[in-house]
Amino acid sequence: MDVLASGAEQVVFCSDPGSGLRAVIAIHSTALGPALGGTRFHPYATEDEAVADALRLARAMSYKNSLAGLDLGGGKAVVIGDPRTDKTEPLLRAYGRFVEALGGRYLTACDVGTTNADLDVVARETRFAHGRSEVYGGCGDSSVLTAFGVFQGMRAAAQHRWGTSSLAGRTVAVAGVGKVGSWLVDRLVADGADVVVTDVDTAAVERVLARHPGVDAVSDTETLVRTPADVYAPCALGGALDDETVAVLSAEVVCGGANNQLAHEGIAEQLTKRGILYAPDYLVNAGGVIQVEDERHGFSFARAEAKAAGIYDVALRVFEAAAAEGVSPAVAADRLAEERIRSVGRLATIRLPR
Ligand SMILES: NC(=O)c1ccc[n+]([C@@H]2O[C@H](COP(=O)([O-])OP(=O)(O)OC[C@H]3O[C@@H](n4cnc5c(N)ncnc54)[C@H](O)[C@@H]3O)[C@@H](O)[C@H]2O)c1
């Protein structure tokens, strides 16, 4: 892995043998502000694998934060270990000290394998931990606004595709009804959509069906992608859209909360060729980072929700730009994100008096 050629500004290796901490913090860009991105706690097989994941995720955060209109660059941290057995107070606090040592160039938050409560522990050692519990004035569970943002992106896709932003009477297939997926189902049902769900965790499906008896469930994702639907919403793991899935997908719109939905770059083009409108994942799932970022101003749910509602307008701009430029929405979103990093990031070159 050629770290220096990766485009990242800074990569920090953190080691504390006393607590067992082994972590990598990758700062992709600080052009728009401090690099914000969560801390992933995962049993990577090798150090190289951890570094590659941190670099890939940090870059994605630069694009997500830019398109969300935040004054934030992109970064990400990975802690090497099993979150179920290796996560201890000393380890989290040691990690917090490394975050503090970066002096605010990197702001951390939750990700896969870390919780609000973990960030409360990290925050005992650093001013630069966000995504904290509500009892500490934090934003709490960020999946609430993540789902809200996905819903806004879906409304924009409906507007672009069918000329109405309402999902009433549309069938939406939701793959994965964990935190984000189940909040999304609530929004869709309230809007009058017909919803079909699946999840490998049958208890998660049962919880949704108990709340919404009108929702249908199918046995697995392979069945769901073939189920006649207007919108397909991947809300489970990454790589949901691969060659096989795109070939059989019945929906006209793809819009979901999962990160890294495209198994490879060519998938965006394949979707466009099949006439399927793809709402870029990092654009529509930015409600979570918007919720977390709001902590910097003293958390207000109403303010964060108002900002996340803006995902509707940005998504419409992306769809319109994609159509005008003859590219996929994924390419149009990247271009918009890069343009803001260039044009707003450049302002830091105007020298201020000290
Ligand atoms: N939580 C957030 O604020 C947030 C923000 C941005 C992006 N995301 C992304 O959204 C996705 C969902 O996040 P979450 O917080 O809801 O996680 P979660 O763990 O609460 O939910 C994921 C659900 O997907 C299910 N699942 C896993 N594999 C599956 C499969 N093969 N088929 C069907 N279902 C499967 C799980 O059983 C679980 O119920 C992830 O990709 C995450 O990275 C989450």
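Each Cβ is built from the backbone N, Cα and C atoms, and glycine gets one as well.
Taken from TrEMBL, the feature active site, proton donor/acceptor covers Lys76. What TrEMBL records for Gly176, Val177, Gly178, Lys179, Val180, Gly181 is NAD(+) binding site.
Structural mapping of features recorded in TrEMBL.
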residue: Lys76; record: active site, proton donor/acceptor; DSSP class: strand
residue: Gly176; record: NAD(+) binding site; DSSP class: coil
residue: Gly181; record: NAD(+) binding site; DSSP class: helix
In sequence order, what residues of the same chain, 6+ apart, have a Cβ less than 8 Å from the Cβ of Lys76 (active site, proton donor/acceptor)?
Ile25, Ala26, His28, Gly37, Gly38, Thr39, Arg40, Ala54, Leu57, Ala58, Ala60, Met61, Asp111
Report the recorded positions (Lys76, Gly176, Lys179) that meet this criterion: Cβ distance to the nearest atom of ligand 1 under 6 Å. Use sequence order and write none if nothing qualifies.
Gly176, Lys179
Would you count the other C-beta atoms found within 10 angstroms of the C-beta of Val177 (NAD(+) binding site) for me?
26
Within 10 Å of the Cβ of Lys179 (NAD(+) binding site), how many other Cβ atoms can be counted across all chains shown?
18
Among all chains shown, work out which of the binding-site residues Gly178, Gly181 has the most CB atoms within 10 A of its CB.
Gly181
May I have the list of same-chain residues other than Gly176, Val177, Gly178, Lys179, Val180, Gly181 whose Cβ is within 8 Å of the Cβ centroid of the recorded NAD(+) site, in sequence order?
Ser143, Val174, Ser182, Trp183, Leu184, Asp199, Ala204, Cys235, Ala236, Gly257
What count of other C-beta atoms do you get within 10 angstroms of the C-beta of Gly176 (NAD(+) binding site), across all chains shown?
26
What is the total of other Cβ atoms whose distance to the Cβ of Val180 (NAD(+) binding site) is within 10 Å?
29
